[in-house]
Amino acid sequence: MTAQIISGTEMARTIRTALADEAAQLKADGVEPGLAVILVGDDPASHSYVKGKQKACAEVGIRSFLYTFPAAIDEETLLAKIRELNVDPAVHGILVQLPLPDHICEWSVIETIAPEKDVDGFHPINVGKMMIGQRAFLPCTPHGILVMVQSAGIDIAGKHVVVVGRSNIVGKPVGQLFLREHATVTYTHSKTPDLAAITRQADILIVAVGKARLIGPEHIKPGAVVIDVGVNRLENGKLCGDVDFDAVKEVAGYITPVPGGVGPMTITMLLHNTIEAARQLAAK
């Protein structure tokens, strides 16, 4: 058995076509969705990610504003810029590219962003609302994963979802989103003994730890859905996920590739949140 590939690239293309229509309708109503992106320092990966986000914004008709700062910027100057953007009527979403330099507190930055412009879904108010099932901006990668699984026609209710990883950005929130869809959720992490004994119970396995090819076929229940969030660069320059794709696809029922899996959906959910923020702010 060879797993069916869940292509985030194809799924994202379909969703972005619909988002472009929504953005065009907002423009026709006098509202041009705007996303402000703040980039601190000269990390090549961060610059690459931001470039991809700006390109995606242009594709669907979202105006993007890029603000770059040197790595030595002091925290208060950065927070002052965010406060300025919070009240800028042309800006509907604010994204601060992470990670930030060590001398800047990420939580101070995240908490300074107005919750109604927090299109990354990281603000404690949005996280809290997500936890209790209220309407909120959902974090982009977990939301993208949920949409991928649903769009593939996979029933979630009653399934055992195992999450490998417990980060605030992916691991913790993705489990909550699947719990809301009536899955039974188990979290695993670096301190979990006998990881394979637990992952082999998973109907849906979500891996987000940043360790190349951590998960092999011995971790997989035959026919399981395997979602690989990891992006790792090998010594030969090639990208790979946290899952040994070639080996695992012979056991799994569905699997996401790296690249071309979760990544395109993460950016697509950012676009979705920005357009939704523009719609909500325009209605006020």
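Yeah, the Cβs are placed from backbone N, Cα and C, and that goes for glycine too.
In Swiss-Prot this protein carries:
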type    : residues                               : note
BINDING : Gly165, Arg166, Ser167, Ser190, Val231 : NADP(+) binding site
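Around the Cβ of Ser190 (NADP(+) binding site), 10 further Cβ atoms fall within 10 Å across all displayed protein chains. There are 17 other Cβ atoms within 10 Å of the Cβ belonging to Val231 (NADP(+) binding site).
Set side by side, the binding-site residues Gly165, Arg166, Ser167 differ in how many other CB atoms lie within 10 angstroms of their CB, and the most is found at Gly165.
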